[in-house]
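Input: a single structure, listed below in structure tokens.
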Amino acid sequence: MATSQIAIIVLLGLLVATNIHITEAQIGVCYGMMGNNLPSHSEVIQLYKSRNIRRLRLYDPNHGALNALRGSNIEVILGLPNVDVKHISSGMEHARWWVQKNVRDFWPHVKIKYIAVGNEISPVTGTSNLAPFQVPALVNIYKAIGEAGLGNDIKVSTSVDMTLIGNSYPPSQGSFRNDVRWFTDPIVGFLRDTRAPLLVNIYPYFSYSGNPGQISLPYALFTAPNVVVQDGSRQYRNLFDAMLDSVYAAMDRTGGGSVGIVVSESGWPSAGAFGATHENAQTYLRNLIQHAKEGSPRKPGPIETYIFAMFDENNKNPELEKHFGMFSPNKQPKYNLNFGVSERVWDITNSTASSLTSEI
């Protein structure tokens with residue numbers, strides 16, 4: 001075989017390997033709709049596709065958005081809103097109806113990957129009244145998904161925040177608060193038994209803005225030049241990893257060492273509060289996208305991560321919540337971000353690879 005032909009084969013192998021790596025580390029983006037000036041659902045999904053964003057989180061089963069997603073090949077976290085959790089927990093008939101109307105009617109044309117039953121429900125926040133219904137709702141939706149024949153395709157989980165963590169420093173000593181163990185232990189057990197990941201919302205911004213005297217901005221933005229936290233043999237240069245690994249440690253302590261984590265939200269506001277600037281937000285998002293390929297000291301490897309959020313949403317409060325978007329409502333990007341090789345480039349690569357192969 002000629003040297004040039006060998007070189008072409010090696011090149012093709014590298015292209016395939018690169019494509020796989022990009023897919024594994026692909027970042028998703030949360031599609032919030034709390035704005036009165038946002039683009040149509042079809043425009044939004046087209047924007048996802050044009051920017052090579054292949055994963056999306058929906059906070060409720062908006063049928064306009066789900067219809068726009070048909071045939072897009074975008075993977076979806078589909079939210080079951082907090083307002084429906086108690087109702088779903090009360091009987092299988094409600095869970096079956098919800099799954100039929102919001103999942104089965106769209107599958108497989110919409111690639112629903114996870115169902116997030118509730119968002120940030122916690123016994124120690126304003127959602128405490130829903131906490132007793134969380135696990136029954138999870139179980140009912142899980143059973144309904146199984147009855148619909150989708151148990152091997154769609155995982156059922158819930159999205160939590162860091163308020164459930166009692167100790168997070170050092171990360172290896174992470175643990176759930178004692179007063180929420182009645183809530184977290186059954187969730188971790190459910191996820192372990194069903195082999196589903198825990199969805200976790202991780203925001204270094206809020207930790208930094210609440211404790212700027214103890215947490216440095218570079219540590220929060222992935223830009224610290226040196227190790228900030230030495231935890232045994234593990235070294236931490238960024239707060240994101242430390243927060244993530246503290247949750248892994250907490251689950252390990254409750255029998256959930258085999259449970260994976262999906263970072264279901266992470267972002268940085270560009271205005272509206274302390275430390276919320278365009279420069280900081282761009283730095284954080286750029287570095288988060290890159291870091292998702294690498295993993296944490298405790299769990300190396302790609303981290304499935306969803307950026308919050310696609311758009312600035314002017315109906316949210318307080319003020320900083322209006323400024324988490326990567327795009328303005330007119331679809332103009334606020335930052336220069338790269339989500340990997342564009343679909344157009346990969347089309348060119350694939351056609352070139354095909355023609356090269358035919359010549360060997």
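Positions of Cβ are set from backbone N, Cα and C atoms, glycine also.
Here Swiss-Prot flags 1-25 as signal peptide, drawing on similarity to another entry. Sequence annotations record features per position, and here Swiss-Prot assigns pyrrolidone carboxylic acid to Gln26 based on similarity to another entry. Sequence annotations record features per position, and here Swiss-Prot assigns active site, proton donor to Glu120 based on similarity to another entry. As annotated by Swiss-Prot, active site, nucleophile applies to Glu265, with the evidence given as similarity to another entry. Here Swiss-Prot flags Asn350 as N-linked glycosylation site.
What Swiss-Prot annotates, mapped onto the structure for a quick look.
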residue	record	DSSP class
Gln26	pyrrolidone carboxylic acid	coil
Glu120	active site, proton donor	coil
Glu265	active site, nucleophile	strand
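Put simply, the residue listed as 'active site, nucleophile' is 11 Å from Glu120 (active site, proton donor) when counted between their Cα atoms.
Rounded to a whole number, the C-alpha distance linking the residue listed as 'pyrrolidone carboxylic acid' with Glu265 (active site, nucleophile) is 14 angstrom. When the active-site residues Glu120, Glu265 are compared by the number of other C-beta atoms lying within 10 angstroms of their own C-beta, Glu120 comes out lowest.
Other Cβ atoms within 10 Å of the Cβ of Gln26 (pyrrolidone carboxylic acid) number 20 in total over all chains.
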